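First up is the structure itself, then whatever we jot down about it.
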Amino acid sequence: MRKMLAAVSRVLSGASQKPASRVLVASRNFANDATFEIKKCDLHRLEEGPPVTTVLTREDGLKYYRMMQTVRRMELKADQLYKQKIIRGFCHLCDGQEACCVGLEAGINPTDHLITAYRAHGFTFTRGLSVREILAELTGRKGGCAKGKGGSMHMYAKNFYGGNGIVGAQVPLGAGIALACKYNGKDEVCLTLYGDGAANQGQIFEAYNMAALWKLPCIFICENNRYGMGTSVERAAASTDYYKRGDFIPGLRVDGMDILCVREATRFAAAYCRSGKGPILMELQTYRYHGHSMSDPGVSYRTREEIQEVRSKSDPIMLLKDRMVNSNLASVEELKEIDVEVRKEIEDAAQFATADPEPPLEELGYHIYSSDPPFEVRGANQWIKFKSVS
């Protein structure tokens, strides 16, 4: 009898030492999924669009929440490191636009392709790279995803082609990637992203034309965050209906602050392209909390009240959180646990990114070729042999 009482006492003692939130989460029965109504997309040259209701599973909801929180916290840490002068040079943050990168990835396959402009940190993460590799790239360290030589604008991963610094220049490249998919007979699509500021570039319309002529599996995606650097879309474009810019290419305008809207629209667009109908255009209406880059305080051309209103009414992370809690897909305590885990991951990555060594000077010309070239190149010094690996 004494042994039994002692055993019961040990069990109760162990339970009492666990955080109350963990005990609550472990004992609570959550719903496996829930159905939500989402905003209808505006359509151009399409008879029907994505569904206006969608099912979110508990598993997917927790995954999306963690990914968006990771992108948010990673960008805030980048802001901090930049202000400490540990990150130098160009740095464009995407906090506020997390539903775009996470939602797009949720709507495609890992074998599909993606190319974007210089606001690329979130996409680099959703394409499969770690926070460690991204922050180390921002700080110019050897452990970065581009060996510390690409920085904020030039990050790469498998089936992810950057990170491109020239405004709009990635759009023809995206059409070329889609051409390769079709030429090689692969059931793959290419997501080609650009901003509202780049939407007026002539090369974009040339890419539209070629993609339509050859019926390429290319999803042209305009991330409309309302401002091209410091110029509002109304001052920069005679028409702000970017989803209609393809003219002969079908298009849809999507609530880019709602991850479920983005996911369903991406699934719809990808299915359209895979069916052989050619390209399609998506406009994601979103918002960036930071300025254009770290050199832009972001409040000279918009008010602090405007930013705060978007944060309070349309924040993508809060929208998903409210849906999950109100539908019994998760509890507030469980999501707080995820927040704590994400913060720890970011801090660990930041420590690595500040302690990892910088690449040696002799490796400056390395990693240009995919395999070691059988020749020497005359550089600033003597004849040197470039290497593809270090």
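Every residue, even glycine, has its Cβ placed from backbone N, Cα and C.
When Cβ atoms from all protein chains are considered, those within 10 Å of TYR118 (thiamine diphosphate binding site) total 23, not counting its own. DSSP gives TYR118 (thiamine diphosphate binding site) a coil state; it is part of no helix or strand. For HIS92, TYR118, ARG119, ALA157, GLY165, VAL167, ASP196, GLY197, ALA198, ASN225, TYR227, the entry in Swiss-Prot reads pyruvate binding site, with the evidence type a large-scale study or a structure entry.
Look at Swiss-Prot and you will find TYR118, ARG119, GLY165, VAL167, ASP196, GLY197, ALA198, ASN225, HIS292 tagged as thiamine diphosphate binding site, backed by experimental evidence.
Taking all protein chains in view, 24 other C-beta atoms sit within 10 angstroms of the C-beta of ASP196 (pyruvate binding site). The Mg(2+) binding site annotation in Swiss-Prot covers ASP196, ASN225, TYR227.
Secondary structure at LYS63 (N6-acetyllysine), taken from DSSP and collapsed to helix, strand or coil, is helix. According to Swiss-Prot, the feature N6-acetyllysine maps to LYS63 (among others), an assignment based on similarity to another entry.
A 10 Å cutoff on Cβ-Cβ distances gives LYS63 (N6-acetyllysine) a total of 13 other Cβ atoms nearby, all chains included. If you look up Swiss-Prot, you'll see LYS63 (among others) marked as N6-succinyllysine.
Marked as phosphoserine by Swiss-Prot on the basis of experimental evidence: SER232 (among others). Sequence-distant contacts of SER232 (phosphoserine), defined as residues of its own chain at least six apart whose C-beta falls under 8 angstroms from its C-beta, comprise ARG226, TYR301, ARG302.
The feature N6-succinyllysine is assigned by Swiss-Prot to LYS244 (among others), with similarity to another entry given as support. Under DSSP, LYS244 (N6-succinyllysine) is assigned to a helix (H, G or I) in the three-state scheme. Residues within less than 8 Å, Cβ to Cβ, of LYS244 (N6-succinyllysine) and separated from it by at least 6 positions along the same chain comprise HIS44, GLY251.
Here Swiss-Prot flags LYS244 (among others) as N6-acetyllysine, drawing on similarity to another entry.
If you take the C-beta of LYS277 (N6-succinyllysine) and look for same-chain residues 6 or more apart in sequence within under 8 angstroms, you find LYS215. The feature N6-succinyllysine is assigned by Swiss-Prot to LYS277 (among others), with similarity to another entry given as support.
Feature annotation from Swiss-Prot assigns phosphoserine to SER293 (among others). Cβ neighbours within 10 Å of SER293 (phosphoserine), excluding its own Cβ and spanning all shown chains: 18.
Mapped onto three states, the DSSP output places SER295 (phosphoserine) in coil. Taken from Swiss-Prot, the feature phosphoserine covers SER295 (among others), and the record attributes it to similarity to another entry.
As annotated by Swiss-Prot, phosphoserine applies to SER300 (among others). Neighbour count (other Cβ atoms within 10 Å of the Cβ, all protein chains): 8 for SER300 (phosphoserine).
Sequence annotations record features per position, and here Swiss-Prot assigns N6-succinyllysine to LYS313 (among others). In three-state terms derived from DSSP, LYS313 (N6-succinyllysine) belongs to a helical segment.
For LYS313 (N6-succinyllysine), the count of additional Cβ atoms within 10 Å of its Cβ stands at 10 [all protein chains shown]. Positions annotated as N6-acetyllysine by Swiss-Prot, on the basis of similarity to another entry: LYS313 (among others).
The feature N6-acetyllysine is assigned by Swiss-Prot to LYS321 (among others). Note on LYS321 (N6-acetyllysine): other Cβ atoms within 10 Å of its Cβ, all shown chains, come to 20.
Swiss-Prot lists 1-29 with the feature transit peptide.
The Cβ neighbour count for ALA198 (pyruvate binding site), using a 10 Å radius over every protein chain in view, is 20. For SER293 (phosphoserine), the nearest of the binding-site residues HIS92, GLY165, TYR227 in terms of C-alpha separation is HIS92. Proximity note: of the listed modified residues (SER295, SER300, LYS321), none has a CA within 10 Å of the CA of TYR227 (pyruvate binding site).
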